[in-house]
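Heads up, the thing below is written out as C-alpha cells.
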Amino acid sequence: MEKAFRPHFFNHGKPDANPKEKKNCHWCQIRSFATHAQLPISIVNREDDAFLNPNFRFIDHSIIGKNVPVADQSFRVGCSCASDEECMYSTCQCLDEMAPDSDEEADPYTRKKRFAYYSQGAKKGLLRDRVLQSQEPIYECHQGCACSKDCPNRVVERGRTVPLQIFRTKDRGWGVKCPVNIKRGQFVDRYLGEIITSEEADRRRAESTIARRKDVYLFALDKFSDPDSLDPLLAGQPLEVDGEYMSGPTRFINHSCDPNMAIFARVGDHADKHIHDLALFAIKDIPKGTELTFDYVNGLTGLESDAHDPSKISEMTKCLCGTAKCRGYLW
C-alpha cells in the first residue's frame, strides 16, 4: 500500500495536477497539516486491499455545523496573568472552576495551584493523578489570554504531541497505534469532527442504514449540560461531534473495555463550554507499537442485564476488544 502511493504523491506535486483529486486525497490532506513534518500521520495496511472511505476527509480542527449556536463576543474573556507562571495558580481567571490542589505537589508558598498538569520534573506537562483518576473537566488558557503560547496551561491547545499510525487490524477494521512510547497522563490528541445540533444528530442516525453504527462516530458534548442552567447554551440539548466523514486520526481508534486512554472535557474560553474539546489522555504507560484504545461507552450501565434479556440481545452490538475485562457487548 505504501509503495502504491509513491507515484501518487509525485503526480499530485505536478503543476498540472487535478486540484479536485488532490483536495480529496487523504495523503495530501495529512501532508497539509502544520504538524506533519515533526509529528507525521501514516496509513498502513498489511492485512488486505482495503482503503479508507474516499468520502472521508482529514481535518486538524473541528468544524462548526449549521444552526450551531456560538457565544456572543461580549461574553468572551481570557486571563490577564502577568507571566506564564501565574497561570498555574488560583489567581488565574481561566482556573476559576478548577478545584484547588491539596496533594504533596501543591505549591510550597501560600498560593494554591489549580493547574491540571505537573509543572516540574519527569512528569512536567502530564495530567496530574488527581485529575486523571477523577476525569474532571480541564480548564486551560487560550488565544484570548494575556499569557504566551508557551504557557504551561495550554497543553491541549498546542495540539497533538505524538506521531500516529492508522493501521489495518486483523478483525476490527482500522485501528491506531503510536511509533513512540506514551507516558501515563500525556495528552495524545483530540477527537475532531463536525459539531452539530442534537436534532441534526438524530436525523443522521435515522438516515444511517445501521443506526447503531452511526453512534460509533457521534459523541455528545454533554459534560456541562444542565436543564436548570441559566446559560441557554448549556440548558438545551447538548451538541454532538460527528467524526464519520471528517475527523482526525483519532476517529480510527478502536474501543476497549480495558482501554489505555480516556476522553476528558477540555475548556478554553468559558463561553464555549457547550462546544468543549474531547481530549484524549493516556491513563497508563503505553509502549510504542501498542494499539491505542478508549472506552466508547465509559459510564454506561445496564449492559450485563440487557445481555441476558432475549428481547434485547439480538439488537446489541458485540464487543471484539478481546481483553480479560471485556463486557461482551458495546451497547
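Each Cβ is built from the backbone N, Cα and C atoms, and glycine gets one as well.
Straight from Swiss-Prot, the features:
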BINDING   CYS79, CYS81, CYS87, CYS92  Zn(2+) 1 binding site
BINDING   CYS79, CYS94, CYS141, CYS145  Zn(2+) 2 binding site
BINDING   CYS87, CYS141, CYS147, CYS151  Zn(2+) 3 binding site
BINDING   ARG172, GLY173, TRP174, ASP215, TYR217, ARG251, ASN254, HIS255  S-adenosyl-L-methionine binding site
BINDING   CYS257, CYS319, CYS321, CYS326  Zn(2+) 4 binding site
DOMAIN    77-159  domain 'Pre-SET'
DOMAIN    162-297  domain 'SET'
DOMAIN    315-331  domain 'Post-SET'
SITE      THR209  site 'Interacts with H3S10'
SITE      PRO227  site 'Interacts with H3R8'
Please state whether DSSP places CYS94 (Zn(2+) 2 binding site) in a helix, a strand or coil.
helix
From CYS87, CYS145, PRO227, the recorded positions whose CA lies within 10 Å of that of ASN254 (S-adenosyl-L-methionine binding site):
none
Which state, by DSSP, holds CYS79 (Zn(2+) 1 binding site): helix, strand or coil?
coil
In Å, rounded, how far does the Cα of CYS141 (Zn(2+) 2 binding site) sit from the Cα of HIS255 (S-adenosyl-L-methionine binding site)?
30
Are there residues of the same chain, six or more positions away from CYS319 (Zn(2+) 4 binding site), whose CB falls under 8 angstroms from its CB, and which are they?
HIS255, CYS257, CYS326, ARG327, GLY328, TYR329, LEU330
Do you know offhand how many angstrom separate CYS145 (Zn(2+) 2 binding site) and TYR217 (S-adenosyl-L-methionine binding site) by C-alpha?
32
Number of helical, extended and coil residues in the domain 'SET' (162-297), per DSSP:
29 helix, 44 strand, 63 coil
Helix, strand or coil at CYS87 (Zn(2+) 1 binding site) [DSSP, three-state]:
helix
Of all the recorded positions given, namely CYS92, PRO227, CYS321, which is spatially nearest to TYR217 (S-adenosyl-L-methionine binding site) at the Cα level?
CYS321
Residue distribution over DSSP helix, strand and coil in the domain 'Post-SET' (315-331):
0 helix, 2 strand, 15 coil
